[in-house]
Amino acid sequence: MTFTVGRELEFLGNFQLTDVINEDPVAHSITLLGTLPTGTDSDKRDRAIITLQKTAFDAAELEHLDSLLASVKLLESNDIYSWLMGSLKDRDNSDLKINVIFPATDVHVRKYTRQSLILVRETPELYERIVRPYIDAFPPSRIEWVQNILDHKKEVEKILHEDDSHLRGGFGYLIIPDMKWDLTTVSALYLVALVHLPPGRSLRSLRELTQEHLPLLRSIRRHAARIANQRWNVPDGGLRLFVHYQPSYYHFHVHIVNANYTGLAGQSVGQAHLLDDVISLLELDGDIFQKLTLSYNLGSQHALYTPMQAAQATLTS
Ligand code: G7M
């Protein structure tokens with residue numbers, strides 16, 4: 001069983017909560033672990049992860065506060081300061097962004113569960129010995145969603161720009177909205193560029209980038225800025241483009257986010273590398289990412305946590 005248009009609420013209504021696995025009061029989000037029915041007429045259920053996030057305000061709806069607010073109650077007033085609680089009227093723009101992963105694997109549950117972090121250093125040697133075998137062992141099914149997009153089987157109508165250099169032996173890409181974005185709140189604009197691979201080639205992460213990929217990276221930078229400007233009026237310099245290391249999915253992609261959308265966990269030092277810096281480093285030395293020691297944080301639930309933590313003792317300085 002899955003979502004049918006028009007009957008989404010009915011399906012979500014079947015959710016049975018097992019645990020709250022993460023909460024972020026600053027981002028106004030909560031992640032729930034539970035189950036949903038697998039079929040229509042059986043009692044079988046599978047694990048589901050549901051993330052609820054309150055959407056940001058759209059400045060346009062704030063012009064007339066009385067049309068936004070259903071009720072308001074004064075809590076306290078002191079000199080020129082007052083604080084109140086209010087509730088929103090039914091709005092065209094929905095109040096919640098809901099992300100569902102169903103059926104959720106163990107890897108998903110681990111990824112979305114709050115966990116403590118450590119910082120590790122990955123030398124090229126540790127990459128070869130620990131990280132590369134870990135990436136090699138990833139089942140292709142983990143990036144099926146990427147392949148579906150690249151093959152135009154899913155999210156086709158959302159494609160904002162497509163470069164078909166892969167058909168001529170280069171690296172192409174396409175840009176689409178990230179599933180985290182609600183497609184309306186420009187202040188939280190979030191797009192993703194997914195790489196189209198030429199036949200017989202792969203590009204799994206930052207570690208594999210060389211000067212060969214400079215045209216690809218520069219093109220993503222140029223067209224992301226053009227699209228964001230033409231579609232959403234984002235001014236020059238209004239975007240933050242970055243690459244995760246470690247990413248969750250080992251098919252190279254670039255995150256494209258409104259520069260004012262700060263505070264996201266995935267943008268922190270220890271995970272995000274600015275695309276501008278990546279390009280500049282490659283311009284200085286085309287093999288730099290095969291030689292660098294890369295530092296990053298790992299959650300205690302991450303499969304690399306134990307081997308990488310143990311290997312830190314072998315580093316000489
Ligand atoms: O952490 P990592 O760098 O691997 O980030 C992957 C990005 O892809 C995240 O920002 C996800 O929100 C986004 N993403 C993941 N999935 C499964 C989908 C999807 O099916 N569609 C779209 N549009 N974005 C996705």
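Each residue, glycine too, has its Cβ placed from N, Cα and C.
Predicted automatically and left uncurated, TrEMBL annotations should be read as such.
Computed from a predicted structure; not experimentally measured.
According to TrEMBL:
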ACT_SITE  His253  active site, nucleophile
BINDING   Trp145, Glu155, Asp178, Lys180, 244-255  substrate binding site
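Everything TrEMBL records as a feature, shown here on the structure.
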residue	record	Cβ within 10 Å
Trp145	substrate binding site	16
Asp178	substrate binding site	14
His244	substrate binding site	18
Gln246	substrate binding site	21
Ser248	substrate binding site	13
Tyr250	substrate binding site	20
Phe252	substrate binding site	25
His253	active site, nucleophile	22
Val254	substrate binding site	22
Next on the checklist: Quick test of your reading of the structure: among the binding-site residues Trp145, His244, Ser248, Tyr250, whose CB sits under 6 A from ligand 1?
Outcome noted: Trp145, His244, Ser248
Checklist outcome for this item: For Asp178 (substrate binding site) and His253 (active site, nucleophile), the CA-to-CA distance in whole Å is 11
Checklist outcome for this item: Check: min Cα-Cα distance from His253 (active site, nucleophile) over binding-site residues Trp145, His244, Gln246 goes to His244
